[in-house]
Amino acid sequence: MNFSSCKTYSCIFCIAGDCWLLAAIACLSMHKNLFEQIVPEDQSFTSEYCGLFRFHFWHYGEWKEVVVDDRLPTVRGSLIYIHSTEKNEFWSALMEKAYAKLCGSYEALKGGTTSEALEDFTGGIAEMFELRDKCPPDLLKIMLKSQERCSLMACSIQADPNRVEAELPNGLIMGHAYSVTSVKVVNVSIPGRSGDIPLVRVRNPWGNEAEWKGAWSDKSREWSLLSDATRREVGITFDDDGEFWMSYEDFVRNFEKLEICHLGPQSLGGENETRGRHWEMCVEQGSWKPRVSAGGCRNFLETFWINPQYRVTVVDPDENDDDNLGTMIVGLMQKNRRCLRKQGEDLLTIGYAVYELAVKGLSLQTSHQSFNETLVDSSTIMIS
C-alpha cells in the first residue's frame with residue numbers, strides 16, 4: 001500500500017454510521033509517519049502477496065497488530081462502509097475492517113467520536129471543546145499551540161435527528177465530522193483596514209464540492225485583502241476538493257465541537273525534532289474493584305479515598321512566558337465496552353478528581369478530601 005496514493009485522500013461514507021471514523025482516517029492520511037505506523041509500508045497487492053494485510057492500533061496502552069484477509073463486504077458488486085473515491089484504492093476499507101475486528105464487529109463501530117479513533121490510531125490523548133456554550137477564551141492559542149505540537153484536530157456540527165447529514169445554507173453539513181488541517185494568523189494591511197486575522201482551514205473528508213460558502217471561502221473577495229506573498233505562504237488553492245478556509249470567528253460560530261488529539265513522542269517520531277515542543281505521556285492501568293478500590297464518587301467521603309490515586313508533578317515548560325504554569329491533560333478509557341455491546345452492555349459512568357497535594361509522598365485521606373476543594377474534576381463522563 002503506497003502512501004503516495006492517499007496524500008490527498010477522499011473517501012465515500014456509506015451505511016455504517018461511522019462518520020467519526022472517516023474523519024479520523026482523513027486526518028491520519030495527511031501525516032506520512034503516522035500513516036506508516038498503522039499501515040506498514042511493506043505491503044502491496046503485487047510483491048509476495050498472500051491475501052493478508054497487517055495493521056497496528058494503539059489499544060489500551062500498547063500497540064497491537066491486527067491481521068485481516070482481503071475480503072471486503074459488498075452490495076450488488078459495490079463496496080459498502082468506508083471506501084475511497086478511487087476505484088483501485090482499498091487501504092481505507094481494509095483499515096476499517098481491521099479496526100472493526102479489534103472492536104468486535106462492524107456493528108460495534110456505529111456511533112463514536114473522532115477523538116476516540118484518533119487515540120487508537122496514534123496512541124495520543126484527546127480533549128474535547130464545546131464551542132457554543134463553553135468555548136474557552138484562549139481557544140485560538142490552544143489551536144495554534146496544538147498545531148505547533150503536531151496535534152490532530154477535528155470538528156463537527158450537531159446532527160438533526162430528523163435529517164441525515166443535512167447541508168446548511170452556508171455549505172456545512174450537520175452531523176458530519178471534518179478535519180482541521182491548518183490554523184494561520186494573517187496580516188491585512190490596506191487603506192482603511194489593517195491588523196491580524198486568524199484563519200482556520202477545514203477539510204470535508206468526502207473531498208467534493210460541499211464546502212463553506214461564507215467569508216474566506218474559495219474565491220471569496222476577502223482573499224484580495226492579502227498580499228501575493230501572504231497568499232503564497234498560506235498556500236491557497238481553489239478546487240472542489242472539500243478543503244476550505246474560514247475565519248476563526250466563523251469557525252467558532254458555526255461549528256459546535258472541536259476535538260484535539262495530542263501526540264506523544266512515541267507517535268511523532270522524527271517530526272517532533274523539527275516542529276517545536278511535544279507532550280510527555282504516561283499511561284497507567286487500573287480498575288475499580290468492589291470493597292478494594294471502588295470508593296464511589298465524592299458524595300461518599302468515607303470511602304472516596306480508596307479509589308485509585310496517581311501522583312503527578314507539573315512543571316512550566318515554556319520559559320518565554322510569565323505565567324509559571326504547565327498543562328496537564330487527563331483521560332480515562334473504558335476497556336472493551338464496544339465488544340460488549342452484543343451482550344447489552346453500555347458505557348459506565350466514570351470520572352476523576354484532581355487535588356493539590358500539600359505534602360509530597362502521601363496519599364490523600366478522608367480528612368484532606370473533606371476539607372479541600374478539587375482543583376478540577378471531570379464532572380460525569382461516559383466516553384471511550
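Residue numbering: from 1, along the chain as shown.
Heads up, the Cβ atoms here are built off N, Cα and C, so glycines get one too.
Pulled from TrEMBL:
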{"type": "DOMAIN", "residues": "15-264", "note": "domain 'Calpain catalytic'"}
{"type": "ACT_SITE", "residues": "CYS19", "note": "active site"}
{"type": "ACT_SITE", "residues": "HIS176", "note": "active site"}
{"type": "ACT_SITE", "residues": "ASN204", "note": "active site"}
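A map of TrEMBL features onto the structure.
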residue: CYS19; record: active site; DSSP (3 states): helix
residue: HIS176; record: active site; DSSP (3 states): coil
residue: ASN204; record: active site; DSSP (3 states): coil
Rounded Cα separation (Å) that holds between CYS19 (active site) and ASN204 (active site): 11
Pairwise CA distance, ASN204 (active site) versus HIS176 (active site), rounded so that it is a whole Å: 9
Other CB atoms, at most 10 A from the CB of HIS176 (active site): 23
